[in-house]
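> Take a look at the following structure, please.
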Amino acid sequence: MPVTHASFPCSVLLLCGGRGQRMGGRDKGLLEWRGRPLIAWLHEQVRPLSDDLILSCNRNHERYAHYADQLVTDEDQDFQGPLAGIRAGMAVAHHEQMLVLPCDAPLVDRQLLEALLAHAGARPVVVRQGDYWQPLFCLLPTALKADLEQLWQAGERSPQRWFSRLAPVAVECPIDDPRLANLNTPEMLAAASLSADARES
């Protein structure tokens, strides 16, 4: 049976707050891919999962508001990385679990999301490809926000280092899993579009 927010309440955080340096400073979540903004592809997948959809963004708030129940912004406008967005999201999340995804991964599918949700518990659940963890594809118990706040105040800014202290549960994915592709350069956007067209033809 597919997971829905009626059967498994969770918050969802979509991270849209980066500088977009590889995209020439453009806001990645609003870049068009196959006729729609990148954020729209993620929204389509996660909207049925939650009544608490949070977007972390530092600009273009009016455009992002269409895709969220809540918008959060980093306290510091100095772009301190994705952990800042996770911290802001955890501070306002309504549910005991929070699903986290980056805005530039439009190939994420329901099967991957359900695999993360199926392992919900007291520890973070994080995608792993071989020996490499993908810390921005994860499910976090919001009870960990005090632990995160303590480390943040001590200067920690790496999601990877934070998770490593918490014995995360792994959701194993192949090294070349296309669902985890971050389309964060113009070349990657174009290549992924061609690949998707080829699969559909």
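The first residue you see is number 1, and the count goes up from there.
In case you wondered, yes, glycine gets a Cβ from its N, Cα and C as well.
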> Please identify which of Asp51, Asp52, Asp104 is recorded by Swiss-Prot as part of the GTP site containing Leu15, Cys16, Gly17, Lys28, Asp74.
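Checking Asp51, Asp52, Asp104 against Swiss-Prot: the GTP site match is Asp104.
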> Please classify the secondary structure at Leu15 (GTP binding site) using three-state DSSP.
strand
> Would you find the one among the binding-site residues Asp74, Asp104 whose Cβ has the most company, meaning other Cβ atoms within 10 Å?
Asp104
